[in-house]
Amino acid sequence: MKKIAVLTSGGDSPGMNAAVRAVTRTAIYNNIEVYGVYQGYQGLLDDDIHKLELGSVGDTIQRGGTFLFSARCPQFKEEDVRKKAIENLRKRGIEGLVVIGGDGSYRGAQRISEECKEIQTIGIPGTIDNDINGTDFTIGFDTALNTIIESVDKIRDTASSHARTFIVEVMGRDCGDLALWAGLSVGAETIVLPEVNTDIKDVAEKIEQGIKRGKKHSIVMVAEGCMSGQECADELTKYINIDTRVSVLGHIQRGGSPSGADRVLASRLGGYAVELLKQGETAKGVGIRNNQLTSTPFDEIFAESNRKFNSQMYELAKELSI
């Protein structure tokens, strides 16, 4: 292994820069040349590929976002398009590709490994949604979680002052981990997740019971994948006469300097990705399980049967929100 490339793809997440830094410096330490692909898979097509040096990743570990930039590239699903991308790697003698991103990014890496056996691919989970199988945590999840907690703590102050019910919408299309972990952390009265069928009438009854006990305000945490915050508010007011406000946290969840946990996770996974390439591994995603570094074949990561949901934590959150 003499040359590798690294790219960031899909939605950005805090800690991506730390992962790129770890990949770059681990590779250089092992006498491997590193190339940064700018603008994700689009950069592979456009040949926007540049050599990275030690200084290229200096002063990046604390920065949010990704200095390599990221872009959606739906045309990468087409075989002819992928051939062009593969040729851009081949002509530089690049033998390994590290892809930092989510599920869609992994699928692109798998295609490359299937269609060009001489290019090894390794995926690093970079998404705030924490929706990648094969790892307990994804890069960016902890930072986004802390952003939500800080925001909702402030929202609760004003909810308390005005005796209102706030519906807080957070990111999470298919995975409700942000809503679940944040909901437990801020003491949300109700958490609405895509993994659980929630009857809004039951939510209204729970809020009403709280009012009878003297509770003046409530927080309802909603993952965007099951319904919007406004839809939840509209449904609630069909069953109970309360003053509601909706707060959509939006892209603030993706930004900011990565937390210490995300910096450490990104550094460990980035270094491990290079070690796997050196060992000849390919078509795998790296992860952390029980604080141990692991790797999982892409096919297993994509399997719906392996999708994770912490039902015990959900039940605990319900018990503590009484």
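Note: Cβ is positioned from N, Cα and C throughout, glycine not excepted.
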### Message
ARG72, CYS73, GLY102, ASP103, GLY104, SER105 show up in Swiss-Prot as binding ATP; which entry in GLY11, GLY172, GLY176, GLY183 does that record put in the same site?
### Response
GLY11
### Message
Looking at the ADP binding annotation from Swiss-Prot, with ARG21, ALA22, VAL23, THR24, ARG25, GLY187, ALA188, GLU189, ARG213, LYS215, LYS216, HIS217 already listed, which candidate in ARG156, ARG173 is the matching residue?
### Response
ARG156
## Note on the structure
Comparing the Cα of GLY102 (ATP binding site) with the Cα atoms of the binding-site residues THR127, GLY187, ILE252, ARG254, the shortest distance belongs to THR127
## Note on the structure
Pairwise CA distances across GLY11, ARG72, CYS73, GLY102, ASP103, GLY104, SER105 (listed as binding ATP) top out, in Å, at 13
### Query
Whole-number Å distance between the CA of THR127 (substrate binding site) and the CA of GLU189 (ADP binding site)?
27
### Message
Excluding near sequence neighbours, so keeping only residues 6 or more apart in the same chain, what lies with its CB under 8 A of ILE252 (substrate binding site)?
### Response
THR147, SER151
#### Entry: Cβ neighbour count within 10 Å of GLU189 (ADP binding site)
21
### Query
Which site among GLY11, GLY102 has the most other CB atoms no more than 10 Å from its CB, taking these as binding-site residues?
GLY102
### Query
Reported as an integer number of Å, what is the Cα distance between MET171 (substrate binding site) and GLY104 (ATP binding site)?
17
